[in-house]
Structures are given as C-alpha cells and as structure tokens.
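**Q** Pasting the relevant annotations from Swiss-Prot:
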type   : residues  : note
REPEAT : 110-143   : repeat 'TPR 2'
REPEAT : 146-180   : repeat 'TPR 3'
REPEAT : 181-213   : repeat 'TPR 4'
REPEAT : 215-247   : repeat 'TPR 5'
REPEAT : 334-367   : repeat 'TPR 6'
REPEAT : 837-869   : repeat 'TPR 12'
REPEAT : 924-956   : repeat 'TPR 14'
REPEAT : 957-990   : repeat 'TPR 15'
REPEAT : 1028-1061 : repeat 'TPR 16'
REPEAT : 1201-1234 : repeat 'TPR 17'
REPEAT : 1236-1268 : repeat 'TPR 18'
REPEAT : 1270-1303 : repeat 'TPR 19'
Amino acid sequence: MSSNDSSLMAGIIYYSQEKYFHHVQQAAAVGLEKFSNDPVLKFFKAYGVLKEEHIQDAISDLESIRHHPDVSLCSTMALIYAHKRCEIIDREAIQELEYSLKEIRKTVSGTALYYAGLFLWLIGRHDKAKEYIDRMLKISRGFREAYVLRGWVDLTSDKPHTAKKAIEYLEQGIQDTKDVLGLMGKAMYFMMQQNYSEALEVVNQITVTSGSFLPALVLKMQLFLARQDWEQTVEMGHRILEKDESNIDACQILTVHELAREGNMTTVSSLKTQKATNHVRNLIKALETREPENPSLHLKKIIVVSRLCGSHQVILGLVCSFIERTFMATPSYVHVATELGYLFILKNQVKEALLWYSEAMKLDKDGMAGLTGIILCHILEGHLEEAEYRLEFLKEVQKSLGKSEVLIFLQALLMSRKHKGEEETTALLKEAVELHFSSMQGIPLGSEYFEKLDPYFLVCIAKEYLLFCPKQPRLPGQIVSPLLKQVAVILNPVVKAAPALIDPLYLMAQVRYYSELENAQSILQRCLELDPASVDAHLLMCQIYLAQGNFGMCFHCLELGVSHNFQVRDHPLYHLIKARALNKAGDYPEAIKTLKMVIKLPALKKEEGRKFLRPSVQPSQRASILLELVEALRLNGELHEATKVMQDTINEFGGTPEENRITIANVDLVLSKGNVDVALNMLRNILPKQSCYMEAREKMANIYLQTLRDRRLYIRCYRELCEHLPGPHTSLLLGDALMSILEPEKALEVYDEAYRQNPHDASLASRIGHAYVKAHQYTEAIEYYEAAQKINGQDFLCCDLGKLLLKLKKVNKAEKVLKQALEHDIVQDIPSMMNDVKCLLLLAKVYKSHKKEAVIETLNKALDLQSRILKRVPLEQPEMIPSQKQLAASICIQFAEHYLAEKEYDKAVQSYKDVFSYLPTDNKVMLELAQLYLLQGHLDLCEQHCAILLQTEQNHETASVLMADLMFRKQKHEAAINLYHQVLEKAPDNFLVLHKLIDLLRRSGKLEDIPAFFELAKKVSSRVPLEPGFNYCRGIYCWHIGQPNEALKFLNKARKDSTWGQSAIYHMVQICLNPDNEVVGGEAFENQGAESNYMEKKELEQQGVSTAEKLLREFYPHSDSSQTQLRLLQGLCRLATREKANMEAALGSFIQIAQAEKDSVPALLALAQAYVFLKQIPKARMQLKRLAKTPWVLSEAEDLEKSWLLLADIYCQGSKFDLALELLRRCVQYNKSCYKAYEYMGFIMEKEQSYKDAVTNYKLAWKYSHHANPAIGFKLAFNYLKDKKFVEAIEICNDVLREHPDYPKIREEILEKARRSLRP
C-alpha cells in the first residue's frame, strides 16, 4: 500500500499543495511501479491531470477508481469538481454524482473521509476539509495521518489564530514516528513563527531518515534564505541541482541570488551578466519541461525575476517571450496579460504595455490591475486628463474594496505631473509606502518577499519624492530634509535585501549626496562596480569630488566615465562639472573652451543609428553654464568678454527664477572692476524673502572682511541672517564667522543657541567642544563633553572627550572615559558597534603611552568587533563595505606598527599581510612591508614587493628610493645611485631623497658628486637656499667632508623646522661633542697625534659640551624612540665632561636604557663607550662583541660602524691585529668613505712594518677625510718616507702645510728629512 511509504505520500501531497501538478503525476507514476493498481496513487495521478485542465482524461481516470472504498468519496468529489470545469457542463452527470456522494457518506470509512478531507484542502475548501477530518477523528482516534492533515489545514489557513493551533495537531500526529509529512508541517510552522533554528532542526531530522526527499532540501534552502544566510542558500541550491538538475525551486533561488546579490547585469559582455542570463534561461527551461502545462505556476515562479531584473533588456526579453508563450497557451489568463503590461513598462515601451493592460481589461472588466496599468500608461505618455478621468472612476470603485497602494501612488504621480501641491503629493506618497510595507509584515526573506517588495515600485516612489528634495548637498548644521529621510527609509529595505540592484543604490547615493556627502562615495563605488558604464553614477561621483575640492579625482573620474561609456560626453552636466573643476584648479582657458563648446550643444538631437536621445540643456543648467563661463572669463582677466556674456545672460533670464542667482554672480564681476559700492548695493537689494538671500549676505560679509577689512560689518551680515532666517544653520554660520575672527567665546554662545534648536546634530555638539578647545578653555571643554553626554546619551562625544584628554596627557582620565563608554551590554546595531570600534582604537592609543601590554588585547577586541560589522554590512548596508574594509585594514596596520615598535618583526609582517585580505592592492602597505623586509634582511622579498609597486606606478617615488636602498644593500652601488638620480631629476627639491643620496654617495666613496645636486635644487626656486631641508643636507655634507663649523652653520638654519629640526639638533650635538669625528673612547692613536696645547683642547671640549647641553633644551621628543635618543645624548654630554661622577651617572642611565630596550644598538654603543672612559675595558669589549654579531641595517649603520671601530681600536691596543682587520674591512664594505677604518688599517700595516700597504691605506684615509685631518697627512708622508718615496712624501707635506699652516711638526720631522734624502 502507498500509505505505508511515508516519503512517497508526503512528496505527492507536498507537490499537490505547492501546485506542482506534473510533479504529482510523475511521483504517482513512480509509486504505481512499486504499488501497482494502488487506488490512492491513481487518484492523485488523475488529480494532477485534472489540474492541468485535461478534464476528460481526468474524468475517465477517476471513474475507474470511484468504486474503491478508500477513494470513493474523494473520487466522487473530484468528478463533480471536474464536470463543473467543463466547457459544456453535464448537469445530469453532476446530479447523479451528488446523489452518489450522499449515499457514500452514509457508510463511509475513516480512510475515505481522510482522502476526502485531503482533496477538499488541496482545492482550497479549508472549512469543509476540517469537517471531514474532524468526523474521521471521531470514528478513528488513532489515525495519526488525520492529525497531521488537520495540522496542515490549520497551518495554511488565512486566519492567524487558527495557524497557531496547527502545532498541537502536528505533534499529536507525529508522536514518536518519523512521519515525513508531519515533520514537514512542523518545520513550516516554525518557519511561519520565524523560529528558523527550530525549523532547521526538524528538517535535519527528515534528511537523516529520508536523504533523497527533495522537498525537505528545498525547505532547508528556503530556511537558509529566511535566515539571510546566502552562502548556505546557494550551496544548498547547487546540492539540490546535483540530485535533480532541473529543480524549479533551486533554479529560482539561484536566479534570485544572481540578480539580487551578485549584479553586474548591465554590461552585456560581462561574465556575471551571462551567468545571470543563464540562470534565468535555466529557470524557464525547468518550468517548461517539468511543468509544461501549468501557467499559474509559471507566473508564480517567474514573477520574482521581473521584480528584480530592473531594466536589463536581455533578461526582460527572455521573461517577456516566456510569459507571451504562457499567454498563447492560456489566452484567458488575465494575470499573465497584466504581467506583460508591467514588463513592457520596464522596457520603456508604454504603447505595448497599454495594449496588454487593455487585453487584461477585456478578460476581466472588473479587474483593478488592468485599469491601474492603463492609468499609469496614460500618465507616462502625458495624457493627464484621460488618466484623471479613469482615476476618479477607480477611486469610487475602490471605496468598497479598501485602500490600494498602487491607486494612491497613481494619485500622487498625477498630482506631481500636474504640478499641484507638494504637501498633498508627498502625503499620498507616504500613505502608499505605508500600505506597501504593511502588506509585507511577517514574510520571511525569499521569493515571495522580493515579489511583494517590488523594488521598481519603490524606486518610482523614491524618484517622485526626490523631485521635492533639496538639490544641493546639506550645509554643516543644516537639518536634513524630512523628505530625504523618508526616501532613505523607502530604499533601505531594497538596498539591504537586494544590494545588486543599481537603480535603488544610485538613488540612495543621491540621498546621501544631499544629506551625508561623506557617505555617498562608497555607495556610488558599489554602483560603478555593478555598472562601470553608468553615466549618472560617474557624474554624481564627479560632483562629490568637486564638492570636496578634490579636483584631481574629479578629472580622473570624468576620464574614467568616458572610458567606460563615451555617451557621458553627450551629457551637459559632464561639461559643466569639467569646467567647474578646471576653474577651481586655475586652468581658465580650458574651462572657457569647454563651456563655449557646451553652449553650442543642441537641446535635443537624435543620431542616426543610435537609440538614445542626447540629454537636453535645461534652462537652469544653461544659466549655470553661462555663469560658469562668466566666472572663467573673469578669472582669466577677460573682463570685457565676461561683461558681454553676463549682459546676454541677464537679458535671457530676466524675470525667470534664475534672475537672483545671476545678480549674485554679477557681483563678482563688478568687484573685479573695483566697484565695491556698486557690488554692495546690488546685494542689499536682495530681500530676505528671496531664495538667494543667504548667499547674498554671505557674499556681502566676505566683501566687508576681505576687501574693506571691517570685522564689525562682517559679523553684522551674519547677525542679520540669523534675525531674518532664524535656525540652526544660520546660527552655525554666525558661530563660524566669529571663530574665523578669533572670537571663540562669542562663537560658543551662538553655537550653544544652535545646539538647543537642533540637539541631535552631532556636528554641532562637536563644534561646541572644538570651540572650547580653540578658546583654550580645556576645563570647560571637558565639562561640556561630560554634560552633553549625560543629557543626550551621545556616545560619539566620548571619543571627542577621549581625544581631548589624551591631547592634554590626562591618560588615566581618558582611559576611564573610554572604558565607561564601552561598559554596556553587547550591542547588535551597526552604528553602536562602529562607535565601540572607534572607542577601542582610541583606548589602544591611550594604552601606548602607559600600558603597552594592553595595546594588543584592545586592538584584538576592535578587530573582532570590526569583523562582526563586516559580516553584517553586506546584508544590511552594502554601501559601507569599502569604508569598513578600510577601517579593518587600518586596525591591522596599527597591529603592525605596534609590533614594529616592539621589534617583533615576524608578527609585524603577518599584520601587514592581513591588510591585503581587506585591501588587496594597498600600495602604502606594500611599501611598509617592503621596508620591513629590508629591515629584516629579506632582500629578495623586499625587491619583489618594490617591483610590484613600480609595475603599478612606474614613478612611485618612495618605492624607487627603497629599491635604491636595496641595491645598496646588495652592493649594487651604481644601480642605487641611478635610481636616486632619476627621482631627483624629476624633483630636485625633494630633500629627503637628497639626504639619502648624500649618505649613499658617501658610502659609495663618491661624495664629490654631491655639489652638482645642490646646484640642481637651487634652479627650482630662488627660495631653495632658505629651505630647512636644503640647509640640513648642506650641513650633513659639510660634516662628512670634515668641515664641522660650516656644518653647524647650515644645520642651525634647519634647527627650528618641524620636519628637520630634531635631526638637525641631534647632529649638532654630535658635532659639538666630537668636532674632529674621532673614535669616541679610542686610544690607539692617543700618543701619536697628541696636541701640544692640552689646556686649549680641554677648554674647547668644555665649550662643546656646554653648547650641546643648550641645544638639547630645544630637543622636544614626540615619540618613545626620540625620548630614548634624548636620554642617550644627555648621557653622552655627561660622558664628554670626563668627570668621574658624571661618567658614572651616564653609565647608570645607559644601563637603564639597555635593559628597557634590549638589543638597542645606540644604547649598547653608549654603554661600551662609558665603560671605556671608566677604564672597564673587558665590560666594554663584551658589549661591543654583541654589536659585532648584529646584522647590518641602514637605520643603525652609523652606530654599528662606531662600535666596530671602537672594538678594532681595543684589539689594536692588545695587538690582536687579525681581529681588528676583520672589523675594519666590514666598515669599508658598508662605507667606502670610512677614513677611520683606512687609518686603523694603515696603523696596523705600519706596526707590521709593511710601509707600502700602510701607504695605500693612509692614502685612502687622506682622500676620504678630504684632507681635513693633518695627523692623517703626517702618517701618510711618514710612511712614504719609510718606503723611500721621497717625492710623494714632499708633495703630501706641502699639501698638509698649505691647508694646515699651523701644523709645523710635519716640516721638521718629515719634509726636511725627505728633501735631504733627495739631495745627492
């Protein structure tokens, strides 16, 4: 018996209830192969045939089983139902069947009653079905299937209270069994109650016991979608198609996913478009093959596609053709005709739509859908009188049927087209929206939801609203238009549910442009991802950049728009935006050329072979273009031509709404001619009632301030504005004006008044706080923030307060404020989560100063919360995806920066790599990673990242510099120098690069090439020699060529600069403490070149220390590293005094730094120098040996070189020349100009009596010291003498005496001996 197969019967009943009539027949046929001649299966097969309108076949099949006791009752009912659906009704047959039905009822069995109830339920007669099932339950209370069926009947009832009772019957029917139909009903019940987790558990029970039961998998897919889990929905859809390749539900859901979530439907060539089209084709094919004669199902399943495809012509064509075929098969189906009318509206073929709506009216004269469609067509075609006449008739009819959102929208649309009252129109639009959304209450996300949502309808309403909204971005402090808020409310559900629909997204971008300019960009970016050729999106993006003053990006965006869609150039707005940007950027001739060209554009022109119309130049746009031309001509100094164009404009637009705007523009022209009084009189004539009064007063105020320098009249203009147009915006203007003339106290009073008028304006609250800060009333600012936060509960102010406290170094209080802001229950809404992330990031900054161990924990919390936001925004606010990804990336960067500061380089690398999961092409992070690899010594990885950067941006300056550093590390000096040279040729005044080049040429032994670059920089501007960066570079160069006094002179000019000052002071201190650039602590040469005048040398040293100490008072550390640098320099000053107490104090300080910063090269070097001065040589050697093992990095190169030289000196004193030579060669490897290394090598060769080698090294020392140290010249001449090279010895002596005439020692000891040796 079929009743023994729970899955089989559940499937048949499910398909019957879902109206899959061909599926019913197929399932019954499969069952009959297993249970041949089963009357129940035969009945359902006949039922499927009957519902496909093959009535005679169905009657024949039903007659064959009507006498079987189990199905006699339902078969007789089905026969009566079938006869009544015949074209020619056989009354006698019906009478006979009705008599037979009465007879059967008298002796009917419980099973017969069950199937009769089942049939009645399936044909929609719920109350009658209940009667039969209840009667059956009285006869046989143990019949579980009857309880299940009773549950299903209640579940599908249109009465909510009845549906809630369904679970009791279902539970009673299921009991401890795995009844598939009962479990399906139970899952459906939980789904209706929006308890999706419970529903999924029940469905999982079915799939465990009946894995091949497809309806359960379909329900599971629908549940995932109801939970808004698109990933699992799609996965389940594909899993169903693996089992049933033409499953209608799976094809439909995958189509919905492609249209609603993936998008890119507008570019015909795109793969995603083909994917969307293929999904639609698959759905149509599945419907035509699996349910070939089921027009109601065809319409039910395809209608969601027409609601989501927008104006996609390919998909519209497919759907139209399919529905037309459906209509041809069943020409009496009125709903198909109205749907075709709707589709032709989408295709912008209004006349075709009108024909189909008229056809629908013929089929159903009382049908509302056909009539509303006809009215819409009349409105769209401009036949407003006809539309109004029909609408009046429809309103009368509708009174008896209740309110309809479509009818109310049509009323609003008609009023809008007839330019009737704004308030009345927007009230009707609001009512239409409320009715529309009320009909969607309780519908889970799914095909029905999208159908009811009807994005096109909401887009139409939004467009009508926008006609009455402001057309300019909101000014600071200005209240957002309530109409814009309403449009956002309308569009939010659409954008949230279907973020791939471009029309709602673009409208939302428009709303944000007018209300929240900063948030419009990310939405538009999404629009352009979906449709790179969208003219409107490109132009709006350009307007945003123009409003932000980012002209470079504005031009780039215009070019990008043209590259994607050449038709952008046909839009007058394109040329107007371009001209405005050119004007702002100062390219007046090009702006004039552009504007003159756009003026010549025809108002309307249809090109042959094109199906689009050129956008017309509207009067307001034409006025804007002419005024922009006047402005460009004025700024270009063509006042006569500007006056002529302005006069033509005044003549053309006199007496129009544009007249006042033109008057204000004329003021600038009059001012250019120096007629200040005329300009002021023109502005005074504009009265408060006129729309441009505010702009006139602002312009007047600027004239008073900038031209007449009258601050009193400047403020009076804004006070008059507040008097005539009171409100938060004008108060804000007055407050800003007072701030601009440095009267923050008065500004505070005005801001406070504005805030009382608009207490929910976040920008106003922040401005008040900032005004207190500007007035240096920090205590009042803190008190204000605290009070405002308590009164209004505005958590965003916590961040402002936290920032202020951090700025004032009140870190404990800042920590307390931010912690309090974070002490709340777990928040679920995105704005609150975003505010928490902001607080956490600020708290991490606070911890950096006094609780470093808590930084990572806090950043982890911020990233976890940001990850939650990123999971939510694609579903709820997809336009925020780019900005939120940017924030997540910035958190990863903060991790990396923290690890970098702590020298945990591997962790820093991983954190930078994590950025790429959010921003795959972030060049800044790529650069940071390359620099980090260089720091770690991973040269190949560094080169790889630099190469990627230079591929994407050939002239990337920093990448070129880094590549140069890398080439240097690889000992490819020429390649490195060439890279620096290329950068400096393009930007000779890039002093940061020049500084790096000086260091590189020094290390390459080519310092003589540097002066040419100084001359190149001077050619850029006469002001270059005054630039701090230039003087800093000159100072460093002089220091390297042994001119300490010149070096100090140039560095002094950079000492006060914010960029170069700290480095300049650092080097000045080093020069003061060691003007001759000796090896600090080195004693190997002490006896050789001792100065005769010890007291004079001591005095000079003391003067140097004193100057260094004065300089250090100007050294203001801005970071932990610069604080450490200051402590080290202070310690070196103490060390330089050579007084034991000072040296011991310095040693203690160095020990503390070395303990706090393990492996710090400067700290270990200073420690070693202190030990040497205190004659603790073994301890010094131990620290220096540690440094000898440290890998060379450019940032620590100077200190490493000093440490190697000092250790070599110690080895030389101990005659360990081999160890010394190894260190000295390392110095020369990394710095070919290290003359001290050559000097020590010469010293070693001399000690070993290898005078020729000694000469070679001293010669290099003499060359690279730039002849600044006579002692080296003396040693070179001495070794020439020892090597019997008397002529060379004499030459060197003469050189030394020429440059150092006060060095007579060389004359007596070498020159005279060499001369004597030359005499015969």
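Each residue, glycine too, has its Cβ placed from N, Cα and C.
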**Q** Counting only pairs at least 6 apart in sequence, do the repeat 'TPR 16' (1028-1061) and the repeat 'TPR 3' (146-180) share 3+ Cβ pairs under 8 Å?
**A** no
**Q** When you scan the chain for residues with a C-beta under 8 Å from the repeat 'TPR 3' (146-180), skipping those not six or more beyond its ends, what do you find?
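**A** 6-7, 10, 17, 110, 114, 117-118, 121, 126, 129-130, 133-134, 136-137, 140, 186, 188-189, 192, 205-206, 209-210, 213, 216.
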**Q** What are the DSSP helix/strand/coil residue counts across the repeat 'TPR 18' (1236-1268)?
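**A** Residue counts for the repeat 'TPR 18' (1236-1268) by secondary structure: 26 helix, 0 strand, 7 coil.
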**Q** Report the DSSP secondary-structure composition of the repeat 'TPR 3' (146-180) as helix, strand and coil residue counts.
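**A** Residue counts for the repeat 'TPR 3' (146-180) by secondary structure: 26 helix, 0 strand, 9 coil.
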**Q** Which residues of the same chain, at least 6 past either end of the repeat 'TPR 6' (334-367), have a Cβ under 8 Å from a Cβ in it?
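**A** Residues packing against the repeat 'TPR 6' (334-367) from afar: 295-296, 299, 303, 306, 309-311, 313, 316, 319-320, 323-324, 326-327, 373-374, 376-378, 380-381, 456.
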**Q** Which residue counts does DSSP give the repeat 'TPR 4' (181-213) for helix, strand and coil?
**A** 26 helix, 0 strand, 7 coil
**Q** Taking helix as H, G and I and strand as E and B in DSSP, count the residues of the repeat 'TPR 2' (110-143) in helix, strand and coil.
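**A** Tallying H, G and I as helix, E and B as strand, the rest coil: 27 helix, 0 strand, 7 coil.
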**Q** Find the average pLDDT over the repeat 'TPR 3' (146-180) in the predicted model and report it.
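**A** Summarising the repeat 'TPR 3' (146-180) by its mean pLDDT gives 86.
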